[in-house]
Amino acid sequence: MARTKQTARKSTGGKAPRKQLATKAARKSAPSTGGVKKPHRYRPGTVALREIRRYQKSTELLIRKLPFQRLVREIAQDFKTDLRFQSAAIGALQEAAEAYLVGLFEDTNLCAIHAKRVTIMPKDIQLARRIRGERA
């Protein structure tokens, strides 16, 4: 389609000026009630998609190191007391644990999508583990 020149047209009157006056009056009265600006909110799902892209790009560990280390030591206490861990061993355990969880959540998401849902539920995790053969 060919581009056409835009020309300004004169208004033929009507109800537009009255509407404008009403909005101006409303605007003047609004700040006097407190002037609190409504905080900006993104639409549902926008932030989630941004976080997905951010975490898929990154390679850093997502679980904090010290809480994970305490958990490992607490679990190890049940098997043998006075166990010592090299920091590299804790790091390797954390890397493996996070890789496992990411894979499990990917499979869980596929189970939810298969059920025509976008929200993952405990039953999706159970199904993913059962299909993997981790739990009968």
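Placed from the backbone N, Cα and C atoms, the Cβ positions cover glycine too.
Per Swiss-Prot, the feature N6,N6,N6-trimethyllysine maps to LYS5 (among others); the stated evidence is similarity to another entry.
Marked as N6,N6-dimethyllysine by Swiss-Prot on the basis of similarity to another entry: LYS5 (among others).
Per Swiss-Prot, N6-methyllysine is recorded for LYS10 (among others).
According to Swiss-Prot, the N6-acetyllysine annotation covers LYS15 (among others), on the basis of similarity to another entry.
Annotation source Swiss-Prot lists N6-methyllysine at LYS24 (among others).
The N6-acetyllysine annotation in Swiss-Prot covers LYS24 (among others) and rests on similarity to another entry.
The N6,N6,N6-trimethyllysine feature in Swiss-Prot is assigned to LYS28 (among others); the stated evidence is similarity to another entry.
Per Swiss-Prot, the feature N6,N6-dimethyllysine maps to LYS28 (among others).
The N6,N6,N6-trimethyllysine annotation in Swiss-Prot covers LYS37 (among others). DSSP assigns LYS37 (N6,N6,N6-trimethyllysine) to coil in the three-state reduction, outside any helix or strand.
Counting every protein chain shown, the Cβ of LYS37 (N6,N6,N6-trimethyllysine) has 7 other Cβ atoms within 10 Å. Among the features that Swiss-Prot reports, N6,N6-dimethyllysine is placed at LYS37 (among others), with the record citing similarity to another entry.
Feature annotation from Swiss-Prot assigns N6-methyllysine to LYS37 (among others); the stated evidence is similarity to another entry.
According to Swiss-Prot, the N6,N6-dimethyllysine annotation covers LYS80 (among others). Secondary structure at LYS80 (N6,N6-dimethyllysine), taken from DSSP and collapsed to helix, strand or coil, is coil. In this chain, no residue six or more apart from LYS80 (N6,N6-dimethyllysine) has a CB-CB distance below 8 Å.
Marked as region 'Disordered' by Swiss-Prot: 1-43.
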